[in-house]
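Asks: In case it's useful when we look at the structure, here is the feature table from TrEMBL:
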- C:12-31: transmembrane segment (TRANSMEM)
- C:38-55: transmembrane segment (TRANSMEM)
- C:61-84: transmembrane segment (TRANSMEM)
- C:96-121: transmembrane segment (TRANSMEM)
- C:141-161: transmembrane segment (TRANSMEM)
- C:190-213: transmembrane segment (TRANSMEM)
- C:219-236: transmembrane segment (TRANSMEM)
- C:243-264: transmembrane segment (TRANSMEM)
- C:284-303: transmembrane segment (TRANSMEM)
Amino acid sequence: MSTLEISHLSKSFGALKVTDDVSLTVPSGELHAIIGPNGAGKTTLISQLSGQLRSDAGRIAMDGRDITGTTMPERVHLGLARSFQITQTLPGFTVLENVALAVQARHGSSFRFWARVASEAALNDAAMAALKEAGLDHRAEARASALSHGEHRRLELACALATEPRILLLDEPLAGVGGEDADAFVAALRAMKGRFTMMLIEHDMDAVFRLADRVSVLVYGRIIATGTPDEVRSDPAVRTAYLGEEEENAA
Amino acid sequence: MTDMTASAPAGRAPALAGRVKAAAILFVLFALFPPVVMLADDPFLVLIGTRILAYAIAALALDLILGYGAMVSFGHAAYLGFGTYAVAILSSYGINDIVLQMLGAVVISAVFALVTGAISLRTRGVYFIMITLAFGQMAFFFFISLSAYGGDDGYGLSQRSTLFGTQVLENDFVLFYATLAVLIGLFAICHRIVGSRFGRVLTGIRENPTRMEAIGYAPFRYQLTAFVISGCMTSLAGVLLANQAEFVSPAFMSWHRSGELIVMVVLGGIGTLAGAIGGAVAALLLEEVLGMMTEHWRLWFGLFLVLMVLFSPRGITGLVEKIGKGRS
Amino acid sequence: MTNLFVLQLLNGVQLGVLLFLIAAGLTLVFGIMDVVNLAHGVLYMVGAYFVATFASLTGSFWWGLLLMLPAAVAVGLILELVVIRRLYTRSHLDQVLATFGLVMIANETVKIVWGVSPLSVPTPEILSGSVPLMGPLQYPVYRIAIIVAGLAVAGALYLVINHTRIGMLLRAGATNRAMVSALGVDIGKLFAIVFTLGAVLACLAGALVAPILSVDTGMGESVLILTFVVVVIGGIGSIKGAFLGALLVAIVDTLGGVFGPILLRSVLDPSAAGQAGRMLAPMLVYILMAAILCAKPAGLFGGRG
């Protein structure tokens, strides 16, 4: 488990400020949710934190160690993993192979050219464990491209888990998942609480308020409020800027 | 996109074994070729067979990066050239041993692949194709201006390479079987690489580089390694080709040759290894047959290529996949 | 020495102008349609053969040049309609294979129609001879005419691209393809126009150069690769990049061949310098390309990597 410190992080696309001077500290073991209306820059923030996008300014640190200049693969090796909102799998690989590759990245060299990787029990066992945790172990032998949407979301989670994260960034893990599936997913996330620090982007307010220790509200790239779910729910600025809008839309 | 992705997971291990079986059948047919030719009393055919085997080696090597790494290298003929000139240049300094010549070819190819690959792999797609093509052409022009070895006109070899101090390779049959042995050895190596940890990472990068970065792999180093391995293997084909032709010239490394290597790999089905070998045989036989029928065989070969791409809904790659699916 | 330098510089500019004409179309096709077209060099060759044929039929280079233009438009349109159009949605590998096939077809067809021996095109009367440049230095009028014509086309292209609606679409398309379709433009038509424009420019380059080169089947090949280098250096989709890249490549290629050995002679003994110079000169443009790509992987003016 690690502490994630973000200070004065910024990112612009042309004239558009997508991340605007964001500062936030997520203490070790916390599940921190980021909510905000569409286009608030949530996914951009995750991409900056994971190293997929370079930041224009600001600093990102893990346990006090500056990681702003590192690449995405380097951050994974430091224990910072992410899942994607739009599923990114290896479509031609089986579910087990998808996850075993994530395990392999953290265990031993990948510059081994002769031994058959398919028969490495250690890799497969660790991958199966991650799959079980994500509730997808029964589909281990299926090809990733044959999975349903909900199963894809689980594979995303399993891959991230298999990298043995100390901080896990989850980008809308529940997107497009409904009903019982969603409940099971929330239960799985809850079970993981305390094992690593989590930052969760989610549209499902119900899930967010059930899971999160603290919540930050992002609007137009700025954090307008941070606090416990109850604090945030009753924050007047949040109500007008975000929750109010939702109700209007719903009406 | 390839057999690997097309085959159902449950049938996966059998599919792999099937591919080894297909290769084994090809190798047995190759091995039976010289005796049959002896019966037909046309020893020249053995030389043609050796040429086909040498190109099969090059196609196999190219398939490793084209099929498993999705790197469309349009400069692979350069490595054929390094192999052929390693024979010519080393033998002019009295080094005739084929193992040493192969070593020389591999060293030069590794250096060239490392430098040009590092530059090319910083780019993607169209850029990668054009840059590898340009570097291939650079090597081509280098040997054209190498007047000590005949430049444009090429350079005749006074003798074939020696093997452990003997001149057995002067015999066309021995050269054929030596080439076949190299082909089988390299196939085994490629097959192991593809099924290894490294191979899985390489294939994963082909499938989705973003996913690979998100689980901790920096694609560049794996792609570059594969690129270097492929270049080195291709140069071995060059060493054997020089011995087959007893002649070296920049023509071995023209960009047309690079294009033909790609055609071979695609004809046999990319990302299947055995397919690349079959594709080399098919392409060269097609060339020979068309060449016997008309001096303008290139016209028909070109037409064949264009029609194949246009009238298969997903291109040649799709067509091969379809045929492959129908078979399995 | 100065004279030689000026002379070679002019030769370099002349080659650069031609390379630009070819590269302009290629970079747009790459940038806007994302198609690898190996057959672009073929168009340059076809332009030269057209002008050779029409000039000998009419007895006039000018008629030849004039008749070449509609023929080039026809070739461009047919090629786009029959083959290239079907490649837009295909993988780069399919594009490589199909256009590689086109190169084979075109080269053999030219051999069948025009034979294997090179054709020559007489320099038009009015542009023959040389003019004094400085001191004893003379320079052929025709080469100057090529430079002027090429620059004129480059200027016209600049105006079209920067001051017309279609130019605006081209610029938008080269950097962001989705934007063009979002504007409600008939993409199919735009692509056909771009490809045909590129084909005509390449044919024009071939036609212009015909009187000072022998017209043969290999002429498209060496130019194709040089043009690729130009496009890569300039940045895919950038006309400005193609112009500067073409001049850079041509001048380095021309001056390097002459002055490389001379410069080397100051550090090596003459025979070694000659040998090394001859070997290095043809590689110079590729080394230049590698150096530029190391600094800027997307080329000098490339938006996308």
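Residue numbers in this text run from 1 along the chain shown.
Even glycines carry a Cβ here, placed using N, Cα and C.
TrEMBL entries are annotated by machine, without manual review.
Context for these features, please: burial, neighbours, distances.
Replies: Note on the transmembrane segment (C:12-31): residues 37, 40-41, 43-44, 143, 146-147, 149-151, 153-154, 157, 170, 173-175, 194-195, 197-202, 204-205, 208-209, 223, 226-228, 230-231, 234, 236-239, 241-243, 245-255 of its chain, located 6 or more positions outside it, place their CB under 8 angstroms from a CB of the stretch.
For the transmembrane segment (C:61-84), the residues of the chain that approach it from at least six positions outside its boundaries are 33, 35, 37, 39, 43, 46-47, 50-55, 98-99, 102, 121-124, 191-192, 195-200, 203-204, 207, 211, judged by C-beta separation under 8 angstroms.
Within its own chain, the transmembrane segment (C:96-121) is flanked in space by residues 36-39, 41-42, 45-46, 48-49, 51-53, 55, 61, 64, 79, 83, 87, 90, 210-211, 214-217, 220, which lie at least six positions past its ends and keep a Cβ under 8 Å from the stretch.
Beyond the transmembrane segment (C:141-161), the same-chain residues lying 6 or more positions past its ends with a Cβ under 8 Å from any Cβ of the stretch are 10-11, 13-14, 17-18, 20-21, 24, 123-124, 127-131, 167, 170-171, 201, 204-205, 208-209, 211-212, 239, 243.
Long-range neighbours of the transmembrane segment (C:190-213) within the same chain, counting only residues 6 or more positions beyond its ends whose Cβ lies under 8 Å from a Cβ of the stretch, are 18-19, 21-22, 24-26, 28-29, 32-33, 40-41, 43-52, 61, 64-65, 68-69, 71-73, 75-77, 79-81, 84-85, 88, 120-124, 140, 142-143, 146, 149-150, 153, 166, 169-170, 173, 180, 219-220.
Away from its own ends, the transmembrane segment (C:284-303) comes close to residues 174-175, 226, 229, 231-238, 240-241, 244-245, 248-249, 252-253, 256, 260 of its chain (Cβ-Cβ under 8 Å, at least six residues beyond either end).
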Asks: Six or more residues beyond either end and a Cβ under 8 Å away: which residues meet both conditions relative to the transmembrane segment (C:38-55)?
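Replies: Long-range Cβ neighbours of the transmembrane segment (C:38-55): 22, 25-26, 29, 61, 63-65, 67-68, 71-72, 75-76, 79, 96, 99-100, 102-103, 106-107, 110, 113-114, 119-122, 198-199, 202-207, 209-210, 213, 215, 217, 219-221, 223-224, 227.
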